[in-house]
């Protein structure tokens, strides 16, 4: 789609939004405190005075609380979030200084789909969400746990994140679009993460979720609201993608239609029937007089049905007889001679030959053919005047029998008899129809067979799972022994009456057709269960269920450059530049890209007065000639610290700095747990109270105050009975495409854009599908002619993958 069309659409959105304004639709918001029905008697909270009197405020302080939504509220929340790319969480909070806690969490079991957390110890606000089935965290440095009132508004618009604090825009970031289709069973928690973790300590007021663009306007009406949001733009892009998908489908249909037309041009569409040299068009009907059938031409095939004859009620002086050229008997007058009754056409030999015609015996002067047998062997056939020799072919003279009957010679006459499997129509054996032996139960099919009717006969077919013994009997088929089954190699095949059944072997799970190995404790960090309770671990992990990270640094598997130090990460490691060094932008895995920082050239040194800065590898030195100017004092925050002076940083009460010979050195405060006045905030390891211990996320392990541990790509620390967790620091990557592999916590560089997790939603990076239709970056479609192949436009390249389960099911 041309860029000018997109700009026109963009202008239309801007204009429409400016004109319509921002009226609040009550169906597009959720008042959390009202929906949770909090009252002063709710366990764990106390109603208190808030920042204003327009709404209720509640103090959250007791850890023995479970403030979560009722099932009907959870269902309402799921419906509100469904397919929404734009929402804002608002609240007015007053958090106890230096504490950590979750203000709001929307989660299902262990998955946080929306969670806002404030950490006092690290002075940051964290937004936890899910993208592509994986947890994501955005850490936003800000000190909100200060005992003061704050208005907080976190807005998400597709891949755009906005954080307003006290109506000031604090952060604006591009993030991976969060998953908003909440699974059944999702729950909303206020003031805590779940039953045991993330307890917020402080007051919460005005908790709301707004499902409309620029929802922060509800809290701060004077903020700018005229610009379209990221979601607006992505909606336009999605509209273009939908049009492209429609164009692709129409192109496919057009190509198919053109192919069909090309085929039709080379053939005659109408299917005709040719019978006895005559051509009949489709749906033409005619009478097959020879066989007394009504026939129709249907799509090139002849379908015939036996003509039905009406019942005859002949008078006493007439008899039903066949007339040549007619299919049904008719009533004709009978003749009587010497007590013998003759029907129309029958003859009798008296002195002369006479034939019954119209009820009168008429003299026949027809000459008889000469015979080649002796007179004593002559035979007079019934109702005839001419004698014949033995073995005479009466069938050659008799009326023609139908297709399902056959002529049979007797000594004195010929008759039509129905073939085996047929029965006469209305008592006339010249015309016969099929006997359905199956329906009439006239078959001899035994058990484990199915009777199948055929023209003139029937067949006994074996039911599935059985093999034929003779024409009427079947015996059970050994599917398992013969290998004619679809059981998985790790399944047990059992013969059954219907055929066979498949059951997974002990230690495997599945439907028998597909059996997967089962590991009771699971395989963590992307490990694969290859046999019962046997995991194959990905690189960087070990243990019976891949629960142990391999410390490549401690094990000596890695040798970092001397300008860097090895930092272990779950499943991986990286070489981090030492203090006084920085990366040159090539980000070498071994740390070779760490180069010295020239503090002197950058004027980041602390040399004072007449002293000269001398750059050193990983640091600097101050050289001062002897004299009164060489005091060794240090400049600090616009002031001066004397040589030998020690002080505590105002922004970090847990760090102490000293000035020595013009250089400033800072370190963490040493902890003396024997000192009764020790600062437990800076020295949590000195807090021996039982109430200050922390339960880990699994609820299985207890940590002491001050302990550190790693969980799900987060670094956690126990402080005053509450675990504070933050994302592990990952090395910077200077490559275009990155991917996070299963079980790892940090992305790696990849050269193939199809392997990359990150997608550049750039309308200039398009792809051409198999029909030549242009697709925007991020578009997904099914490959033509291959329903199990899905393609995606990633960074200007078509990336296709095959769904193996789809192939198995189709």
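Glycine too: its Cβ is placed from the backbone N, Cα and C atoms.
Positions annotated as signal peptide by Swiss-Prot, on the basis of sequence analysis: 1-21. According to Swiss-Prot, the feature disulfide bond maps to 395-407, 401-416, 418-432, 438-451, 462-474, 480-493, 523-535, 553-566, 560-575, 577-594, 600-613, 624-630 (among others). Among the features that Swiss-Prot reports, Ca(2+) binding site is placed at 434, 435, 437, 453, 454, 457, with the record citing similarity to another entry. Residues or ranges marked as domain 'EGF-like 3' by Swiss-Prot on the basis of sequence analysis: 517-547. The domain 'EGF-like 4' annotation in Swiss-Prot covers 549-587, and the record cites sequence analysis as its basis. Swiss-Prot lists 596-631 with the feature domain 'EGF-like 5', giving sequence analysis as the kind of evidence.
Feature annotations (Swiss-Prot) mapped to structure.
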{"residue": "395", "record": "disulfide bond", "Cβ contacts under 8 Å, 6 or more apart": "407, 408, 409, 414"}
{"residue": "401", "record": "disulfide bond", "Cβ contacts under 8 Å, 6 or more apart": "407, 416, 429, 430"}
{"residue": "432", "record": "disulfide bond", "Cβ contacts under 8 Å, 6 or more apart": "402, 404, 405, 418, 419, 422, 423, 424, 425"}
{"residue": "437", "record": "Ca(2+) binding site", "Cβ contacts under 8 Å, 6 or more apart": "421, 443, 451, 453, 457, 458"}
{"residue": "474", "record": "disulfide bond", "Cβ contacts under 8 Å, 6 or more apart": "446, 448, 449, 460, 462, 463, 466, 467, 468"}
{"residue": "480", "record": "disulfide bond", "Cβ contacts under 8 Å, 6 or more apart": "487, 493, 494, 495, 500"}
{"residue": "523", "record": "disulfide bond", "Cβ contacts under 8 Å, 6 or more apart": "529, 535, 536, 537, 545, 546"}
{"residue": "613", "record": "disulfide bond", "Cβ contacts under 8 Å, 6 or more apart": "599, 600, 605, 607, 620, 621, 622, 623"}
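Sitting within 8 Å of the Cβ centre of 434, 435, 437, 453, 454, 457, and not among those site residues for Ca(2+), are the Cβ atoms of 421, 436, 438, 455, 456, 458.
With a cut-off of 8 Å between CB atoms and residues at least 6 apart in sequence, the same chain places 563, 564, 583, 591, 594 near residue 577 (disulfide bond), listed in sequence order. Here the C-alpha separation of residue 575 (disulfide bond) and residue 454 (Ca(2+) binding site) works out to 81 Å. For the pair formed by residue 553 (disulfide bond) and residue 454 (Ca(2+) binding site), distance between Cα atoms is given as 80 Å, rounded to the nearest Å. Around residue 594 (disulfide bond), taking its Cβ as the centre, 25 other Cβ atoms fall within 10 Å, counting all chains. Listed in sequence order, the residues of the same chain lying 6 or more apart from residue 434 (Ca(2+) binding site) and placing their CB within less than 8 Å of its CB are 404, 421, 422, 453, 455, 456.
Remark: secondary structure over the domain 'EGF-like 3' (517-547) totals 0 helix, 10 strand, 21 coil, with classes taken from DSSP. Look at the domain 'EGF-like 4' (549-587): DSSP puts its residues at 0 helix, 16 strand, 23 coil.
In this structure, the CA atom of residue 630 (disulfide bond) is 39 Å away from the CA atom of residue 566 (disulfide bond). If you take the C-beta of residue 435 (Ca(2+) binding site) and look for same-chain residues 6 or more apart in sequence within under 8 angstroms, you find 421, 422, 423, 442.
The candidate set comprises the disulfide-bonded residues 407, 560. Of these, 560 has the most other Cβ atoms within 10 Å. In this structure, of the disulfide-bonded residues 416, 553, 575, the smallest number of CB atoms within 10 A of the CB marks 553. Between the alpha carbons (Cα) of residue 438 (disulfide bond) and residue 566 (disulfide bond) lies a span of roughly 83 Å.
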